[in-house]
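**Q** To start, I am sharing the structure in question, which I have written as structure tokens.
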Amino acid sequence: CSKVGVGVLEEGGNAVDAAIATLLCQGVVEPHFCGIGGGFFMTIYNKTSRTSTVIDARETAPQASTADMFVGNQKAVKGGLSVAIPGQLKGYSYAYKKYGGGVSWARLFEPAIHKARAGFYVSGELAAKLEQNKLSVMQQSTLCELYCNNDKSDVIKEGELVKNTKLADTLEKVKKNGHEVFYSSPMVDQFVHDINKHGGIVGKEDFVDYTVIERTTLHVPLTNTGLTLIVPPLPAGGPILSIIMRVMDSYKITPKLFASNKALHWHRVVESFKHAFGYRTRFGDPNFNPGVNHLVSNLLSEKGILNITSKIFDNQTFPDPAYYGAMVNKGNLTESSTSHLSVLSPSGDAVSVTSTINYHFGSFVMSPTTGVLFNNEMNDFNTQGKKNVYNLINNIGANKVEPGKRPQSSMSPCVLVDSTTHQVVYIFGAAGGKRIPTAVAISLIRLLYFGTNDFDDAIQLPRLHHRLIPDVLMYE
């Protein structure tokens, strides 16, 4: 799908146009990661004006949602009740109308429509996820119609051809009539029927009332590198990444210093992860919890970073999550599934966008008439008293379920610019749920402080991950 974006740029489209066209393509060939049944965060940087912004097309809880709707059940994981209202297409439209427009709206949809109608070959990644989720796929007739073999005895394998003509028809309607067709009758009536048939509680007004939010980016100075990190604010994962990077920047690490004691510096990296994830337990949708933005500002201030580094000891760690700023033992720890895209246009503008339907294949609810696979983003909220996969009791905190609310996210699409020339230096992001901030951070730390000169090495070398709860260090 990267060729799709390149083609748009060559025809006069800008970075936003290229990003939208590429994501539409990915939504067809990577249905386990993303699609128009999900949402995204898009960080946009304009080199000429030296300005940046974030398009928040994160999914929202239906109006019939309640804080206790998942108490005593696992319906947030799979099925209609797990579906939040998708923002993908409204987000595309908003971004295109305000920041795109170098090519026609219709042009952005053509490659995705072609792939959906003519078919695409199953990648190794998609085949692996189909095998991993075989039972769930085979239990859903609409999904199985696409991704099972002829006698429905198994999922299809790598290299087999898939055609999603119903999705092609849906994309064709949006291409001709705009995003409004997706959020109004008769299509939205079909969505409501299909989702609620599987136990959902969505209403037509949920789709009609969905609103894209344009948010102010966080500009985080990494003083010892001469760069500025530009990230999305809450409810995205930008603040988590920012805490990690500010802490590591404060150590003034050079490649020579790193080489003299690698174990020490990796220890500091892991401790910075734990502090960032500790404070993550206090975060949520700022539209429902205004105080969280003030908390982030305090944490990223000189005083806030000094407070964190003063609690990092070079020869010791601590078992109590509260030591690392954690409000409670909370958080759904199952991994999410996302897709990331970075675009740098010939003009020097940049787009960093991460899109998701949450888990692999989202809710497993696919509309039989439209071919749209819906997300399971409701599982990104916290439910009082609900145990997570590590048998820890959650506390709802700022991330409780509320009607119209956006769940907290780890997505961290970022841009790094030279603080003096304002030229784009790096565009970064990742897939992988709660591993996103640590994966991006480690790649940047290697490039900026540890002396890794090769960009691919910085990404591909083995990584560490720690999210505080549970107290387990993961490594590749």
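From the backbone N, Cα and C atoms, a Cβ is placed for every residue, glycine too.
Pulled the feature table from TrEMBL, pasting it below:
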- R58, T356, I357, N358, D380, S409, S410, G433: L-glutamate binding site (BINDING)
- T338: active site, nucleophile (ACT_SITE)
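Mind running through what each feature is packed against?
**A** Listed in sequence order, G39, F40, F41, G87, P235, A236, E377, R406, P407, S409 are the same-chain residues at least 6 apart in sequence whose CB falls under 8 Å from the CB of R58 (L-glutamate binding site).
Annotation note: T338 (active site, nucleophile) sits in a strand segment as assigned by DSSP. Within 10 Å of the Cβ of T338 (active site, nucleophile) there are 23 other Cβ atoms, across all protein chains.
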**Q** For G433 (L-glutamate binding site), which DSSP three-state class applies?
**A** helix
**Q** Just to be sure I understand the packing, how many Cβ atoms besides its own are within 10 Å of the Cβ of N358 (L-glutamate binding site)?
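**A** Its Cβ has 32 other Cβ atoms within 10 Å.
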**Q** Please report the Cα separation of T356 (L-glutamate binding site) and T338 (active site, nucleophile) in Å, rounded to an integer.
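**A** So the alpha carbons of T356 (L-glutamate binding site) and T338 (active site, nucleophile) sit roughly 4 Å from each other.
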**Q** What whole-number Å value do you get for the CA-CA distance of T338 (active site, nucleophile) and I357 (L-glutamate binding site)?
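**A** Here the two Cα atoms lie 7 Å apart.
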